Amino acid sequence: MSTHIGAKKGDIADKILLPGDPLRAKYIAENFLEDVTCYNEVRGMYGYTGTYKGERISVQGTGMGVPSISIYVNELIQEYDVQKLIRVGTCGAIQKDVKVRDVILAQSSTSDSQMNRMVFGGIDFAPTANFDLLKDAYDTGVEKGLKLRVGNVFTSDSFYRDNGLELFEKLANYQVLAVEMEATALYTIAAKYNRQALAVLTVSDHILTGEETSAEERQTTFNDMIEVALDAAIK
Ligand SMILES: O=P(O)(O)O[C@H]1O[C@H](CO)[C@@H](O)[C@H]1O
Ligand SMILES: O=c1cc[nH]c(=O)[nH]1
């Protein structure tokens with residue numbers, strides 16, 4: 001086992017979905033995968049391996065924020081040699097024409113996290129999704145008749161912030177679509193180890209209009225996002 005994942009080598013597939021919420025991992029395993037085994041319960045951060053359309057695939061909760069997802073992504077890559085990592089998360093929209101329940105493919109991530117500044121000194125690294133995975137996810141969405149949004153997202157270190165609206169308006173003016181809390185870390189760590197990564201996000205609330213989904217909906221009803229991620233993972 002690794003420090004935070006109680007799995008043996010070989011228990012985790014080379015493709016993995018990464019929801020922030022461990023109960024979303026359980027939901028995905030129970031509703032989309034076959035022949036499922038639970039390989040991790042450490043810290044309640046459930047991890048499962050099963051099959052989807054005959055292909056072996058895992059799903060692992062990551063917790064919220066850059067430090068938490070960084071722990072899981074580092075261990076999944078370094079200890080379990082995972083190759084393809086797809087975050088399936090929620091986000092808050094900041095563009096007027098992005099609606100609650102829309103699905104976003106995060107092409108890139110802007111962030112207030114210090115993670116990359118610590119790694120690169122004064123240089124602003126540009127965390128970017130893997131193009132092949134992004135294209136596979138986009139094509140999957142088109143096949144399903146979904147109108148996916150593709151663009152830059154803001155990975156925030158704060159869920160609650162003073163003067164948030166001012167910042168979000170500025171980011172929206174620069175075409176950033178939505179706010180979440182993990183993509184920048186996923187993209188940077190995947191780049192370091194030359195692995196494929198993508199964040200697929202469902203809009204759970206609209207920061208400008210105040211419209212939102214319930215906690216139960218966040219946990220269970222994001223099936224479009226999950227199917228796009230699963231089908232892209234096995235393409
Ligand atoms: O629904 P998840 O995947 O946790 O993603 C979003 O929800 C959490 C905040 O409520 C943050 O982790 C944010 O990135
Ligand atoms: O990080 C997040 C996730 C969902 N909604 C938000 O407003 N922020």
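Cβ atoms here come from the backbone N, Cα and C positions, even for glycine.
Sequence annotations record features per position, and here TrEMBL assigns purine D-ribonucleoside binding site to H4, E180, M181, E182, S204, D205. Feature annotation from TrEMBL assigns domain 'Nucleoside phosphorylase' to 16-227. The annotation phosphate binding site is assigned in TrEMBL to G20, R24, R43, R87, V88, G89, T90. Taken from TrEMBL, the feature active site, proton donor covers D205. The site 'Important for catalytic activity' annotation in TrEMBL covers R218.
Sequence features, as recorded in TrEMBL, placed on the structure.
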residue	record	contacts (Cβ under 8 Å, 6+ apart)
H4	purine D-ribonucleoside binding site	V42, R43, M45, I71, Y72, E75
G20	phosphate binding site	G61, T62, G63, M64, I69, R87, G89, T90, M181, E182
V88	phosphate binding site	L17, L18, P19, R24, I28, V200, L201, F222, M225, I226, A229
D205	purine D-ribonucleoside binding site	G92, A93, V100, E211, E212, T213
Span of G20, R24, R43, R87, V88, G89, T90 around phosphate - largest C-alpha separation, Å
21
Among R24, E182, D205, the binding-site residues in the record, which have a C-beta under 6 A from ligand 2?
D205
Give the mean pLDDT for the domain 'Nucleoside phosphorylase' (16-227) on the 0 to 100 scale.
95
Under 8 Å Cβ-Cβ from E180 (purine D-ribonucleoside binding site), six or more apart in the same chain: what's there?
G89, T90, C91, G92, A106, V153, F154, T155, S156, A199, L201
Of G20, R87, G89, E180, M181, E182, the binding-site residues whose C-beta sits under 6 angstroms from any atom of ligand 1 are G20, G89, E180, M181, E182
Using only the Cα atoms of H4, E180, M181, E182, S204, D205, which the record gives as binding purine D-ribonucleoside, return the largest interatomic distance in Å, rounded to a whole number.
31
DSSP three-state assignment (helix, strand or coil) for R43 (phosphate binding site)
helix
